[in-house]
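Lifted from TrEMBL, the feature list:
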type	residues	note
TRANSMEM	B:12-36	transmembrane segment
TRANSMEM	B:56-76	transmembrane segment
TRANSMEM	B:96-119	transmembrane segment
TRANSMEM	B:126-147	transmembrane segment
TRANSMEM	B:186-207	transmembrane segment
TRANSMEM	B:219-236	transmembrane segment
TRANSMEM	B:317-343	transmembrane segment
TRANSMEM	B:355-378	transmembrane segment
TRANSMEM	B:405-426	transmembrane segment
Amino acid sequence: MELQLGLPLFYFLLLGFAILMYVLLDGFDLGIGILYPWFNSDAEHDHLMRSISHVWDGNETWLVFGGVILFGAFPAAYASIASMLYLPIMLMLIGLIFRGVAFEYRFKSQRSKIWWNRSFAIGSSLAAFCQGLMLGVLVQGVDANNLALSSLQWLTPFSLFTGLAVMAGYALLACTYLTMKSRGAIQQKAARYGQRLLLFVMLCMLLVSLFTLLTQPEIRVRWFAGGYSLLLMLLPLAAGLTARLLFRDLGRVQRQFAADTDINSRHESRPFWLAATLFLLAFAGLVVGLFPYLLPRQLSFYAAAAPNSSLTFMLPGILIFVPLILAYTLWGYHIFRGKVEDYQEGY
Amino acid sequence: MELDAALLSRLQFAFTVSFHIIFPSITIGLATLIAIWEGLWLKTANPVYLQLAKFWIKPFAITFGMGVVSGIVLSYEFGTNFSEFSRITGAVLGPLMAYEVLTAFFLEAGFLGIMLFGWQRVGPKLHFFATVVVAIGTWISAFWIIAANSWMHTPAGHIIVDGVFQVDSWWQVIFNPSMPYRFSHMLLAAFITAIFVVLATSAWQLLHSEHKTMARKGLSMTLWLALILTPLQVFVGDLHGLNVKQHQPVKLAAMEGLWAEREAGVPLLLFAIPDRAAEKNHFEIAIPKLASLILTHDADGELMGLKAVPADERPNVAVVFFSFRIMVGIGMLMLMVALLGAYLRWRGNLYHSRWFLTACSYLAPSGVIAVLAGWYVVEVGRQPWLVQGLLRTIDVVSPLPPERVLFSLTLFVITYSLLFGVYLYFMRKLIKKGPPALEQLQQQLIGVKASGYAVALVKQLTPAQEKN
């Protein structure tokens with residue numbers, strides 16, 4: 001029994017890891033697109049695009065990875081979740097298409113540039129919004145008596161709210177990324193927006209937590225009556241502390257710039273890691289509520305797991321290639337380390 | 001008219017997968033060619049190879065981008081539109097795709113950034129390495145997806161437990177009976193597709209642009225490659241056909257337009273109009289006994305026809321029949337071009353024969369059309385099955401409300417039509433613009449890493465001032 005549950009649990013954790021990687025990596029990358037309309041000049045837009053043009057493809061691959069892990073390790077969950085969330089998934093894909101091609105065509109266009117700007121900003125926002133919408137469905141749970149694919153139960157005020165919340169979260173990540181990768185006016189703008197977005201994101205997290213605790217007794221019990229409730233209380237505490245540090249760092253970057261002193265490079269790069277930590281903590285909180293379900297209170301990971309023959313077949317591939325992927329992805333980021341240079345020519 | 005969700009889902013999948021295949025079938029070969037040029041440049045220091053690599057990397061980048069965005073759609077469409085199929089076959093096909101992502105997608109994406117944007121960040125050798133890795137990544141990707149697809153044609157190595165597929169032997173699942181043939185056929189097809197894109201462009205450049213040195217090199221190399229690969233493809237295609245005869249005789253019968261339950265001395269139909277209702281062909285133009293000779297290596301050999309199975313187990317014969325003829329026709333045309341090119345080269349007027357160059361310049365889309373036609377033979381020929389003999393397509397479609405599928409299908413048709421127009425526009429623009437000048441290339445590569453910035457910076461500032 002122990003061993004039989006071991007493999008599905010491993011894949012459940014792997015799926016969580018893939019989603020987290022995707023949210024962090026494509027998060028800042030989609031976030032750039034969400035922030036895009038708040039930057040005005042062509043030069044600023046060039047800079048924004050350039051800051052992620054070499055990584056967006058790799059970042060988006062984590063989404064495909066999450067999808068195929070769900071497909072290969074939990075086919076029943078992949079089948080029911082994907083068909084239930086048909087429209088949000090389709091809209092997300094269309095959004096990703098429009099923003100993805102904008103990278104290729106924008107730099108090669110003159111007259112049509114404005115359309116690629118729109119395509120990038122709207123596509124990124126739509127994709128992020130749909131992801132938030134789906135998150136909302138997973139948090140809220142689905143009605144067991146209403147599983148027909150014709151229902152529109154993914155469309156609720158709550159899921160619309162989480163859609164906006166995820167957009168804000170991604171934009172926050174992008175602000176901290178720009179604080180790290182840019183200089184001057186763009187950096188200052190990013191730090192300023194970052195502070196405001198942080199306040200909004202914290203408010204969203206608070207509201208989502210309250211809503212979940214109020215509407216879902218099982219989750220309430222888990223947080224307050226389980227044996228781990230003291231330990232679990234560390235999560236919101238740590239989130240609060242991280243947010244405070246992040247807010248202060250973003251403030252420092254602005255003050256040092258205003259005082260015309262050299263900006264401490266640690267203060268430039270730390271916000272990104274703090275924002276990532278904030279995402280990690282929020283994600284952990286989410287998993288606490290959801291475990292062990294892939295589809296809340298309908299389908300647990302062990303009920304949806306593929307037969308052992310499939311799970312063991314993928315295992316060596318994952319154990320060998322995931323560390324390799326992380327290594328060369330890190331190396332790629334290392335090669336493009338430092339500030340984004342506007343005069344640097346592409347291929 | 002009553003909307004049919006199953007039909008709409010199938011249309012949507014056919015449309016999105018057809019759109020997608022266009023791009024990888026170009027990038028697989030193009031990545032390989034770019035890697036070859038970069039390698040030759042490192043070896044010989046002949047700048048014309050660098051010029052070729054630098055010129056083609058731009059069309060490569062936009063083609064690759066189109067492939068990525070249209071590919072992500074497919075990885076979710078199994079679940080959204082064919083949920084029963086995903087549930088039933090997930091344990092077999094899911095892990096194959098997981099391996100594709102693990103061993104290929106991340107690899108391509110990880111090194112693509114360096115290949116496209118790393119010219120000034122890494123040395124030429126490391127850059128070459130990145131390009132080679134991207135090329136190899138495209139092959140690995142083809143390997144896994146062809147394995148998964150082939151399993152749907154010739155399933156092996158599985159057991160069925162409670163109506164769900166489980167794997168008994170992964171070796172048999174991956175190297176299922178049609179996989180080696182389909183993989184070689186497709187990989188060759190992808191190489192040839194890219195070769196003809198470059199061949200056509202080089203021919204056009206010889207006729208209409210001033211970059212003659214590069215164009216000559218491109219034309220010469222691609223004609224040599226075509227001379228080797230197109231006959232090889234005919235040979236592999238023949239083997240693949242024999243494999244279809246053995247494992248999917250109904251598909252073969254549709255390809256040949258053969259109705260009679262069994263027939264000896266089957267003629268090769270050059271043209272006919274298959275009639276599903278009447279179960280016969282109209283307007284046949286045939287070469288006697290040739291089909292038997294090709295497929296059984298005996299002029300009086302027997303072949304199985306469509307009537308050997310009930311009507312509801314036959315594919316749409318006309319689609320398979322005509323697609324097959326389009327594919328083979330284009331293949332023969334390519335072979336002729338390769339042979340003619342060799343003859344002209346031998347006579348010494350390859351670069352001056354205007355009619356030959358003009359003809360070549362029209363062949364840019366030939367490979368893509370042949371690949372699409374070939375895939376229609378393969379996929380439509382398997383119908384009504386989704387997994388040959390085991391799972392019918394109609395039984396495993398998601399029970400979605402039809403208007404929802406109609407909505408997404410409409411979105412895809414609009415989006416993809418728009419993007420395809422844009423893609424062609426930019427391809428044309430890039431090709432008309434031509435390669436960077438040789439002097440400029442030297443300048444750009446004076447320094448790598450930090451010193452390269454300075455050069456690039458100066459370069460960026462000077463033209464801006466000159467313009468004022």
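Glycine too: its Cβ is placed from the backbone N, Cα and C atoms.
Contact between the transmembrane segment (B:355-378) and the transmembrane segment (B:186-207) is present: at least three CB pairs lie under 8 Å, with pairs separated by 6 or more positions in sequence. Sequence-distant neighbours of the transmembrane segment (B:186-207) (same chain, 6+ residues past either end, Cβ-Cβ under 8 Å): 24-30, 32-33, 56, 139, 142, 146, 214-216, 218-219, 222-223, 225-226, 229-230, 232-233, 236, 334, 337, 351, 354, 356-358, 360-364, 366-368, 370-371, 374, 431, 434. Same-chain residues lying 6+ beyond the ends of the transmembrane segment (B:317-343) with a Cβ under 8 Å from its Cβ atoms: 192, 196, 199, 223, 226-227, 230-231, 233-234, 237, 251, 254-257, 269-274, 276, 306, 350, 356, 359-360, 363, 366-367, 369-370, 373-374, 376-377, 380-381. Only residues 6 or more beyond the boundaries of the transmembrane segment (B:126-147), in the same chain, are considered here, and those with a CB under 8 A from a CB of the stretch are 24, 27-28, 31-32, 34-35, 38-39, 42, 53, 96-97, 99-100, 103-105, 107-108, 111-112, 114-115, 118-119, 173-176, 179, 182-183, 186-187, 190.
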